[in-house]
Amino acid sequence: MKIVADENIPLLQPFFGSMGEIHTLPGREISNQHLRDADVLLVRSVTKVDERLLENTGVKFVGSATIGCNHVDLDYLTSRGIGFSNAPGCNASAVVEYVVSCLSVLSEQLGFELEDKTVGIIGRGEIGGRLERALTLLGLEVKSNDPPKEAAGEQNLFSLEEVLQCDIITLHTPLTDSGSYPTRELLNATIIENLRPDQILINTCRGEVIDEAALKGRLQKGDGLTVALDVWNNEPAIDVELAMLCHFATPHIAGYTLDGRTAGTEIIYQHLSRYLGLPVRHKLGQFLPEPPLRRMAFSSGVDPDWALHTAIRASYDVRHDDSQLKRTLRLDAPMRAQEFDRLRREYRVRRGFDRIKIELKGGKADLLATLSAVGFNLSSK
């Protein structure tokens, strides 16, 4: 069996090596020619999977090691009887941790307390739902907007207009062009122009959900709007001027914990095994190394807010990835695009909060609750 796979999918050989011959390629370069004699295709979000890619190939199963599947023509796969799996929820915790890190660092830089802010979440799917729960447990007032879920009967949802009045707006929608609730340029020029100077905007879903030209024009005014972008139009050839105007600009790595990325590999491995009628022989724990930061300890007298922010930034500080991307923006256009992909391909080992054990010596209940809210693994002595 021949398996063609995006070279950025981790642990390909340990999970799939016994199934067949693996051929790896940069995800953006996978073409119809590469798939003529392939049986299985494994991708990430940078590969558009449709009739043009798969026509006259032998591909019988497509696995996408990603939460979303906007890049896959599911109707075409169904019409051809091609099996499919993505990995819903695989990196949801990682994206939540990215947003929490942004808020932690911004609270210090801009001088505010988290519990004094309201947060508007646009899209209450797997990621948005987890973020809502975490921020609520941290004491923030959270309002979520998700019209499809509201139409399906979910409760405690708010209108887009209400959510856009929150101090912090964070985007977690799929990219859709059709249906009752299209999300392409959901934040259009009018909405962007009406954002308050004291608001914070974070986007970790899809770049096309925002009108980037309008956002760049707004930021060029320099009136105080704070923006953190991890996703962009036309990746990897992103808008340099917009990136330089962002408070934080990162190369589509919000979900890139080792745990989240490898969980995606494990999920599509499990689905392919079942599709082929094979036993599921491997588990993720067999292959993951110990995290570089395994343990932190706080004493009973520690200030809870200080402990929270220290733990968050020690585990993941968004400023590192921001500086890495902005360092590439001085290069010429072809080299910038290559560096964007290289930063993703060679991304450092970043582990999830739940891989770090925090010991609280005589810890207070409020500190236990606070650290637990964002996913840390706790023990109290």
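Cβ atoms are placed via backbone N, Cα and C, with glycine included.
Swiss-Prot lists ARG206, GLU235 with the feature active site. Residues or ranges marked as active site, proton donor in Swiss-Prot: HIS252. The annotation substrate binding site is assigned in Swiss-Prot to SER45, THR66, TYR256 on the grounds of sequence analysis. Annotation source Swiss-Prot lists NAD(+) binding site at ASP146, THR173, ASP230, GLY255.
Rounded to a whole number, the C-alpha distance linking TYR256 (substrate binding site) with ASP230 (NAD(+) binding site) is 11 angstrom.
The sparsest Cβ neighbourhood within 10 Å, among the listed recorded positions (ASP146, ASP230, GLU235), is found at GLU235. Within the same chain, the residues at least 6 positions away from SER45 (substrate binding site) whose Cβ sits under 8 Å from its Cβ are SER64, THR66, GLY68, ASN70, HIS71, listed in sequence order. Cα of GLY255 (NAD(+) binding site) to Cα of ARG206 (active site): a distance of 12 Å. Among SER45, THR66, TYR256, the residues given in the record as binding substrate, the maximal Cα to Cα distance rounds to 13 Å.
When other Cβ atoms within 10 Å of the Cβ of GLY255 (NAD(+) binding site) are tallied across all protein chains shown, the result is 23.
Long-range Cβ neighbours of ARG206 (active site) (same chain, at least 6 residues apart, Cβ-Cβ under 8 Å): ASN70, THR173, PRO174, LEU175, THR183, VAL231.
A coil conformation is recorded for ASP230 (NAD(+) binding site) in the three-state DSSP classification, outside any helix or strand.
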